[in-house]
Amino acid sequence: MMKVLVVVALLVTLISYSSGEGIDDLEADELLSLMANEQTRKECIPKHHECTSNKHGCCRGNFFKYKCQCTTVVTQDGEQTERCFCGTPPHHKAAELVVGFGKKIFG
């Protein structure tokens, strides 16, 4: 439902912008690149995939949105870099465990 609202908002914005005076300044290539940027923003990063460059783009899990968890990695050269992945934080894992256990007991 949220995706539909975002697409509708984008279309309303484009239509209102086209009725204004600024549409003549926009070329077709610029409009296509704007729509491509919107599409890539909607795509989310699955669990256990790298999110170093997009720390707020993780997908939703069963109950919660995955969080971007980062660690510092030291290479053989001694250089430190930050690597991040989408995962479930420990407190979310505990909540999912309790809910799963409750479903087994109460059906």
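Note: Cβ is positioned from N, Cα and C throughout, glycine not excepted.
According to Swiss-Prot, the signal peptide annotation covers 1-20, on the basis of sequence analysis.
For the recorded site, Cys59 (disulfide bond), the DSSP three-state label reads coil. In sequence order, Cys44, Ile45, Pro46, Lys47, Lys65, Tyr66, Cys86 are the residues near Cys59 (disulfide bond), counting only same-chain partners six or more apart with C-beta under 8 A. As annotated by Swiss-Prot, disulfide bond applies to Cys44-Cys59 (among others).
DSSP assigns Cys51 (disulfide bond) to coil in the three-state reduction, outside any helix or strand. Taking Cβ-Cβ distances under 8 Å and a sequence gap of 6 or more within the same chain, the neighbours of Cys51 (disulfide bond) are Ile45, Gly57, Cys58, Cys68, Cys84, Phe85, Cys86. The disulfide bond annotation in Swiss-Prot covers Cys51-Cys68 (among others) and is backed by similarity to another entry.
Sequence annotations record features per position, and here Swiss-Prot assigns disulfide bond to Cys58-Cys86 (among others). In three-state terms derived from DSSP, Cys86 (disulfide bond) belongs to an extended strand segment.
The annotation disulfide bond is assigned in Swiss-Prot to Cys70-Cys84 (among others) on the grounds of similarity to another entry.
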Cys58 (disulfide bond) CB neighbourhood, other CB atoms within 10 A: 23
Listed in sequence order, residues with CB under 8 A of Cys70 (disulfide bond) and six or more positions away: Thr52, Lys55, Glu82, Arg83, Cys84
